[in-house]
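A.B. asks: Residues or ranges marked as disulfide bond in TrEMBL: CYS51-CYS127, CYS84-CYS89, CYS133-CYS329, CYS211-CYS243. For HIS82, the entry in TrEMBL reads active site, proton acceptor. Feature annotation from TrEMBL assigns Ca(2+) 1 binding site to ASP83, VAL86, GLY88, ASP90, SER92, GLU101. The feature substrate binding site is assigned by TrEMBL to PRO174. Residues annotated as Ca(2+) 2 binding site in TrEMBL: THR205, ASP253, THR256, ASP261.
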Amino acid sequence: MMKKCCYLTIFVLLVHSEFLAIQPVNATAKRVVVPQNPADYLSLTYYLNKCPDAEGIIQQKLGAWIQRDFTLAASLIRLHFHDCAVRGCDASILLNYKGSERSSYVSSTLRGFQVIDDIKAELEKRCPRTVSCADILTAAARDATVFAGGPFWEVPFGRKDGRISLAKEAEVVPQGHENVTALIEFFQTKGLNILDLVTLSGAHTIGRCTCGTILNRLYNFNGTRKPDPSLNTTYLNLLKKRCKRSTDLVYLDVITPRTFDTVFYTNLQRKVGLLTTDQELYSDQRTLPFVEAMASQPFLFQNQFIVSMTNLGNVQVLTGNEGEVRVNCNYVNPR
């Protein structure tokens, strides 16, 4: 078993490695590096001269909010995912008008908008029309992870804010009842792979969800009028006691709900995963090996979480002359 885990660790670490191919070089030719996708235009030094205190302001403001309400850490990570899942990481989820993604029923339980507004207001005072809402949300998700006890990583900046946000497009975001095949296919449309799926699902080590999301697992799984047989019986009874109303909240990680750790994965091994989409990661042969690796090797989860969150933050970004830098994250700039 140890040998198997070691091999899997090596495989996981190599998945995102880049290898250099040796090719003939024309010594007289000038080498020109052309970015392959918009994310290549992002830079760690993007705000170095434009707004050098940007990250510090985001971190300070966010820390104050999370100190008052720790649950916002998970909410901001989720808000970032919902943003990147529709039209890429362009802050389209923040646009607030009738018919926008934010107005969709699917987005009704999203939180953290006020946090972003507060950060944006301060940045507009210090660096007017400079820091995009998309960059703020991406950095906020990173800082929320750190405040929750997770790893730190450098966030490249330069994203622009989108001008389009449609409620119907938000309906494609996974809601906790999809099968693994549907999840894999959805992630692939965003340029993310199975390892990213399993790793980003690990963000459910913190956070809560409404009971309405899981009532079918408790009482009428797949129309059988019976509970989901994959649920641990003790856990099933606990959930029935806590879910008196569909609006009641339950923790995604029943064991260590306020700690960013790998207990989420060991919970799946014990059949105490809250969401159907989470529990099925342990029953599907395509995702099972990654779940087992994360459960037994916390350092692997921490390192891969950095890689997968970076991948998520680079999904379909707008850069250069695309998009804009909103003055108010709730509305597109007037023309």
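The backbone N, Cα and C atoms fix where each Cβ goes, glycine too.
Curation plays no part in TrEMBL annotations; they are all automatic predictions.
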A.B. asks: Taking CYS89 (disulfide bond) as the reference, which of GLU101, PRO174, THR205, ASP253, THR256, ASP261 (the binding-site residues) have a CA within 10 A of its CA?
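C.D. replies: Qualifying among GLU101, PRO174, THR205, ASP253, THR256, ASP261: none.
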A.B. asks: Which residues, in sequence order, are found in the same chain with Cβ within 8 Å of the centroid defined by the Cβ atoms of THR205, ASP253, THR256, ASP261 at the Ca(2+) 2 site, excluding those residues themselves?
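C.D. replies: In sequence order, the nearby non-listed residues are ILE206, ILE255, PRO257, ARG258, THR259, PHE260, THR262, VAL263, PHE264, ASN267.
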A.B. asks: Taking just the CA atoms, what is the gap between CYS127 (disulfide bond) and CYS133 (disulfide bond) in Å?
C.D. replies: 13
A.B. asks: Neighbour count, 10 Å Cβ-Cβ cut-off, for CYS329 (disulfide bond): what number do you get?
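C.D. replies: By my count, 22.
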A.B. asks: Would you list, in sequence order, the residues of this chain other than ASP83, VAL86, GLY88, ASP90, SER92, GLU101 that have their CB within 8 A of the centroid of the site's CB atoms, where the site is the one recorded for Ca(2+) 1?
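C.D. replies: So the additional residues around the site are HIS82, CYS84, ALA85, ARG87, CYS89, ALA91, ILE93, GLY162, SER165.
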A.B. asks: Restricting the comparison to the recorded positions HIS82, ASP83, SER92, which residue's C-alpha is spatially nearest the C-alpha of CYS329 (disulfide bond)?
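C.D. replies: Result for CYS329 (disulfide bond): the nearest of the recorded positions is SER92.
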A.B. asks: By a simple count, how many Cβ atoms lie within 10 Å of the Cβ of GLU101 (Ca(2+) 1 binding site), its own Cβ left out?
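C.D. replies: Its Cβ shell of radius 10 Å holds 27 other Cβ atoms.
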